[in-house]
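Look at TrEMBL and you will find 39-508 tagged as domain 'Major facilitator superfamily (MFS) profile'. What TrEMBL records for 42-64, 76-96, 108-125, 137-157, 178-195, 215-233, 268-287, 307-328, 340-359, 420-442, 454-478, 484-504 is transmembrane segment.
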Amino acid sequence: MTSLGVEAGREPLLGDDTPGSREWDIIETQENYKSRWRSIRILYLTMFLSSIGFSIVIMSIWPYLQKIDQTADASFLGWVIASFSLGQMAASPLFGLWSNYRPRKEPLIISIFISVAANCLYAYVHVPASHNKYYMLIARGLVGFGAGNVAVVRSYIAGATSLQERTSSMANTSTCQALGFILGPVFQTCFALIGEKGVTWDAIKLQINMYTAPVLLGAFLGILNIILILAVLREHRVDDSGRPCKSINFEAANTEEVQISQGNIDQVAVVATNVLFFVVLFIFALFETILTPLTMDMYAWTQEQAVLYNGIILAALGVEAVIVFTGVKFLSRMIGERAVLLGGFLVIWAGFFILLPWGNQFPNIQWKDLHNNSIPNTTFGEIIIGLWKSSREDHNELPTGCPIEQAWCLYTPVIHMAQFFTSAVFIGMGYPACNVMSYTLYSKLLGPKPQGIYMGWLTASGSGARILGPVFISHVYSYLGPRWAFSLVCGIVLLTVTLLGVVYKRLIAFSIRYGRIQESPS
């Protein structure tokens, strides 16, 4: 027995990743390994369904809002859209803190139940005699509040994976999230076949139409998710080398765990990573927002063309993101997460730099007054309205081009189509790399302590970025034009790269900082 213990102590710290190998058995039993990964995969599904909950109705909110409440205007639409992120920003730290001290099943099930109830409320917002728009606002806010469980998902995966497994697991999480955003509008399009009238279940006053069917599907999938969590999810925690530890979410830590957790978290690196993640989400949110007004102004696309073509572009970027998420898992093993993060920011900078207007060709001027979604004094909601304009309008009769109300249209060169598509490819490549690397590094520098509250703050910073990004770009673009708008974005990215350079050496795993694991050569 003594010789066996000595021999075991000489085994490689990380061991072989193959279950059933001698090294692996010392670290983790095969039964525990299978249970741990079943639990992680259930949380992949949870992330996927959370993304679908946001995107499955995003293209139909405006017409549904107009249908249920004639007093709703563009300004109120902006609040309805923003309410999801506001709810998520408020809930993320709360659910994260909860998950630090109680079984993760509790905040997960409660948050999903809130989302299910909110989807059901959304399906009934047509019933009240008045103030229907406020019921929709509450419903979307509660869906966002339920989506605060993203912090719990990320903290669980961070605590249930070793350093070697972490990057791949976080990339898989992001892939599931991206697939949810891609497939949500696809499901919405399928439900459009039901039509606006649909069918009515008079006994419970339920209308099943193109607006309510998606949220009812979301509610059903939420219930299924709760059942799977109850049946499959188990509490698992491993240290950075992959050795199982007793979960300390709700039980007192033993002496060994206290020893493992010794050492202080680098708070400078924590704050810096939150800023980096904020900028990543901020940049992509503003890029999504500006697509429609930019293409309508530069290429004289009609609203119908802008919605169709930009929808295709965003879907293509989603597919690109899935490919990048897969690729960074291998790239990070060769050059390291920090280098991938830095490279991602530089690619994003290049994308926006390419997007700067140049040359002697100018956009077509729209001399006739048009309620374009990029004219000065527009609200965030008015910018989004272009995505929901009814196809029943005769778009051929509406003037197109860059509206004369925007003075910069007269002297700002057109952004060539080749510039636009090249820029989109670069931004679509850099964003997913920065996204997954930022919170992979974040989870590693936090160490073995429960990460719920920290992941909550990270998710909240991302939610805040999705609110502020569209507001920033809409005002700068409307008043100053694309040259100033994209120059400022380039400046923000350069400042972010500078920040990353300053803290670069601090963005290392907790266990590596305290010498428990040797840093890989990459």
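Placement of Cβ uses the backbone N, Cα and C atoms for every residue, glycine included.
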Same-chain residues at least 6 beyond the ends of the transmembrane segment (484-504) whose Cβ lies under 8 Å from its Cβ atoms: 268-269, 272, 275-276, 279, 282-283, 286, 290, 338, 341-342, 345-346, 348-349, 352-353, 355-356, 473, 476-477
Positions on the same chain near the transmembrane segment (454-478), where near means CB under 8 A and six or more residues out: 82, 85-86, 88-90, 92-97, 144, 148, 150-152, 154-155, 158, 270, 273-275, 277-286, 288-290, 293-294, 374-378, 380, 383, 406, 439, 442-443, 446, 484-485, 488-489
Local confidence of the prediction over the domain 'Major facilitator superfamily (MFS) profile' (39-508), expressed as mean pLDDT: 83
Among 76-96, 137-157, 178-195, 268-287, stretch most in contact with the transmembrane segment (420-442) (C-beta, under 8 angstroms): 268-287
Annotated stretches the transmembrane segment (178-195) and the transmembrane segment (42-64) touching (3 or more Cβ pairs under 8 Å): yes
Intrachain neighbours beyond the transmembrane segment (268-287), with Cβ under 8 angstroms and 6 or more residues off its ends: 341, 348, 352, 427, 431, 434-435, 438-439, 441-442, 445-446, 454, 457-458, 461-462, 464-466, 468-470, 472-473, 489, 492-493, 496, 499-500, 502-503, 506-507
Spatial neighbours of the transmembrane segment (42-64) far in sequence, C-beta under 8 Å, 6+ residues away: 77, 80-81, 84, 108, 112, 115, 119, 122, 136, 140, 143-144, 146-147, 149-150, 153, 156-157, 172-173, 176-185, 187-189, 192, 210-211, 214-215, 217-218, 221-222, 225, 228-229, 232-233, 384-385, 387-388, 390
Long-range environment of the transmembrane segment (340-359) - Cβ separation under 8 angstroms, sequence gap at least 6: 276, 283, 328, 331-332, 412-416, 419-420, 422-427, 429-431, 433-434, 437-438, 441, 481-483, 486-487, 489-490, 493-494, 496-497, 500-501, 504, 507
Outside the transmembrane segment (76-96), six or more residues from its ends: residues with CB under 8 Å to it: 54, 58, 61-62, 65, 107, 111, 133, 136-137, 140-152, 155, 379-382, 384-385, 451-460, 463-464, 466-467
